[in-house]
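Enquirer: Handing you a structure now.
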Amino acid sequence: NLTTLFGNKQLSMTDMVALSGAHTIGQSQCRFFRDRIYNETNIGTAFATSLRANCPRSGGDNSLAPLDTGTPTAFDNAYYTNLMSKKGLLHSDQVLFNGGGADNTVMSFASSAATFNSAFTTAMINMGNIAPKTGTQGQIRLVCSKVNS
């Protein structure tokens, strides 16, 4: 559970939702969202269909899609509006707005860029205060999605 993982690092649910807003910029490879667009129900039908054109059930693993379809190169609060419209690209994004405890925070950030920006700033500071693992306890990954070999 994401809330527990963030809580274990002394980050609040608001921090978690705010930091997820970094997905307002960037892209993801098909292999990371394929299961979502073919098997999940909390996704807009038209959105899933549009993604399937470049992300077939097999193959196309490296095909890219923007994390924020509306304004993929702008750091803004549109990511949260997307979640409210069931247009979260990744499962971990959409779960933030799925009838749970983070829904009110998502709605707050969607309705106010200033509120999101302030919360994001605070969350980045809070995350920066986490003591890093050192020595054999951790590693600086060359590719963030996999452990160094």
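Placed from the backbone N, Cα and C atoms, the Cβ positions cover glycine too.
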Enquirer: Hey, TrEMBL has Ca(2+) bound by Asp68, Thr71, Asp76. Any idea which of Thr24, Thr105, Thr115 it lists too?
Expert: Thr24
Enquirer: From the list Cys55, Cys144, which cysteine is recorded by TrEMBL as disulfide-linked to Cys30?
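Expert: So the cysteine paired with Cys30 in TrEMBL is Cys55.
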Enquirer: Counting all other Cβ atoms within 10 Å across every protein chain shown, which of the binding-site residues Asp68, Asp76 scores highest?
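Expert: Neighbour-count leader: Asp68.
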Enquirer: Between Cys30, Cys55, which of the disulfide-bonded residues has its C-beta surrounded by the fewest other C-beta atoms within 10 Å?
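Expert: Relative to the other disulfide-bonded residues in Cys30, Cys55, Cys30 has the fewest Cβ atoms within 10 Å.
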